[in-house]
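Below is one structure, written out as structure tokens, with a few remarks after it.
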């Protein structure tokens, strides 16, 4: 890998997450059973395969992948996969799981890659998003993803896609005369969506979780209890009790709470520092790389990890309403893990090309002098 610090941070984050997953599944079981190994083993296999794929992507010149037909094919596959879930919902007449192929693929995770690649390619190919015509097409593609997610319903996923997209558009040079109305339009519809159904209940639970401690506020309270119980050094790996049925989704959305309980404040800070290293290196290269496509791609990957990390940490500590956003490399989830490793591979490809061309330029300058 061109940047070893990025690789080291990814591997260490995975190891911390895998430890928490083993603790939540194997060490919490009343008696050993092969089924308890299923999740940690599957997570490890996907990580190993995804890491190899990431190494392969890193060796390819990323510019070869950014051809118009490939980019739009990727966007088409992303939209179709989200649409298939809507069709399943219409057929069943009720909300369905947001996965395909028996729960092995979550389209949202790969939609994030599609959005980053599409916007990076589109902004560079058009030069900017300063005209209404060029901006409208980009906004339409993003909005279509968000609408499909809202209808599933996955309002948190839709909001994540919008935040990621608007950050890329902002860096891509969208003028305020287009940027502000677009955000206002999304905010207007979001206001009405947030007033409906379970979203309103989650907001109420976020404001005062103890008002309904046995139902909507239960998950938040258990997460806070786990973090508080861990103290500075934790109760010890495998010795936490919140994972034993008290905290739902202990190894996915609330994995940081398990780390906080068993590894303490030091364990949480280790995750924070590793993420700071990861996104810090990605943002550093996004500034250093001069080629526009690589610059935007690095920024998009860095923003994806930054948003997911801040959202997940804020959710676990009740700074934000509860919404299932996985913590990349740490939470259990094969789709999120594989998609995250693909993003790392793309980022490393940009870094490798930049390092190679910088070395070539230096050698050329020395030869001519």
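The backbone N, Cα and C atoms fix where each Cβ goes, glycine too.
TrEMBL: automatically predicted annotations, no manual curation.
What TrEMBL lists as transmembrane segment is 40-58, 70-87, 99-122, 134-151, 157-173, 178-194, 263-284, 296-317, 329-351.
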Taking contact to mean three or more C-beta pairs under 8 angstroms, with sequence separation of 6 or more, is the transmembrane segment (70-87) in contact with the transmembrane segment (134-151)? yes
Counting only residues 6 or more past its boundaries, what in the same chain has a CB within less than 8 Å of a CB in the transmembrane segment (157-173)? 98, 108, 111-112, 115-116, 119-120, 123, 128-130, 135, 138, 142, 145-147, 149-150, 179, 182-183, 186, 190, 296, 299-300, 303-304, 307-308, 311, 323, 325
